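Heads up, the thing below is written out as structure tokens.
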């Protein structure tokens, strides 16, 4: 089935030359343009040289232009979804608007995904307008919950992270559109909190980050404006290597070969599992490329500064979406998920997991599947992921402590768990790549549903830790978003109050440190 583009065909000659769909070429070229625009934005529209109003306007208009170039008039969906959500926020009121915004934004996204998948473009991995809408949906729902927390709920009823993310005044329409549709994140994200974005636009991030690093005000660093150039260069190098790997190696290791009749009939089990691992590993660099480039664009604009490490080295990973080394060397299912699509994991945690009244793990995986799209393979992957997560947690809780005393034994344990984790991850995500029910069940049946059965047996044999009532009721069952990550985020992120005279910078910093102590 030929892939048609909804955006500009200006780059069709380049598309023909590189033998890629024109919409994918549009995406890459627009992201490279956004990178140059980000450098210009940081240099000539720095917060010290121009007003937040101008920065908001320019960021929004550039973002909408890139969306229009890539997706044509389908880019109007971004404005429509954002505009209606803002209207809901205004007319419904802070008590219930988060529910209405959540249902509308996710419903609108789902309708668009159904239309694209089942009417226009089934099975195609070309760039499409529902991709940016997934990020906008995250932003709409996150901000709605943060406003609800900040303007309706009592401060003592909030968790530490909710308290510090809470937004305590309604954003203007321009601020709202700028947050949702700015040129740095319109095409590939990543998600960021509203407070982080407004802090960046208003130019307070560097001063606040230095104050947080010491836990007190430190005026000698107030004018410090650390350069992101080294971080951007490093991330562009990773992008180049990832793109090269994808263009040269990925195509020689198709995931579909795992269900090839001849391969299944002739290959031994070790060979099949080895090919399963390398084919799924080869499928990851395209995500490394897109997410790392998006991170570099934000950094080039001056957004993403996370403070300094203990050696005084700048950290530009405030909104980073992945950690490649930890992904490739994960020794647990949880460790993989902790470092893959990090901002989406935090979104799922904040809007679903920690607010769910029952079965938070299952609810979170279902929301993740709905958000990703309407391909049946997504649901098979996330339902399998529930089993794998629970089984992996049961094994870790019941046997890991036997292997940590001796360094040699611990090393052997890490090697075995790395192999098991890579096999489990690869086995789980095959339907995510194959998309459809029939090929997915062909794969699982050819493996005799071995890991599904093994997971069920593990859950029957090993007890899971019970959740405790009270403030810690979800702590022991949290699937993929650890307290360590959340605490690190609370410590380093540049949250500040958007209330006029409601919260001072010092109070927000104090809030963060109190949160860490709890």
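Yeah, the Cβs are placed from backbone N, Cα and C, and that goes for glycine too.
Quantities reported herein were computed from a predicted structural model and do not represent experimental measurements.
The transmembrane segment annotation in TrEMBL covers 25-45 (among others).
Annotated transmembrane segment per TrEMBL: 57-80 (among others), in sequence order.
Taken from TrEMBL, the feature transmembrane segment covers 377-395 (among others). Outside the transmembrane segment (377-395), and at least 6 residues removed from its termini, the chain residues within Cβ reach (under 8 Å) are 332-334, 337, 361-362, 365-366, 368-369, 421, 424, 427-437, 440, 451-452, 454-456, 458-459, 462-464, 477, 479-480.
Annotated transmembrane segment per TrEMBL: 415-437 (among others), in sequence order. Residues 123, 255-256, 258-259, 273, 276-277, 279-281, 283, 329-333, 335-336, 375-378, 380-381, 384-385, 388, 392, 443-444, 447, 451 of the same chain lie 6 or more positions beyond the ends of the transmembrane segment (415-437) yet place their CB under 8 Å from a CB of it.
Residues or ranges marked as transmembrane segment by TrEMBL: 443-464 (among others). If one looks beyond the transmembrane segment (443-464) by at least 6 residues along the same chain, the residues whose Cβ comes under 8 Å of a Cβ in the stretch are 258-259, 264, 384, 387-388, 390-391, 393-395, 397-399, 423-424, 427-428, 430-431, 434, 477.
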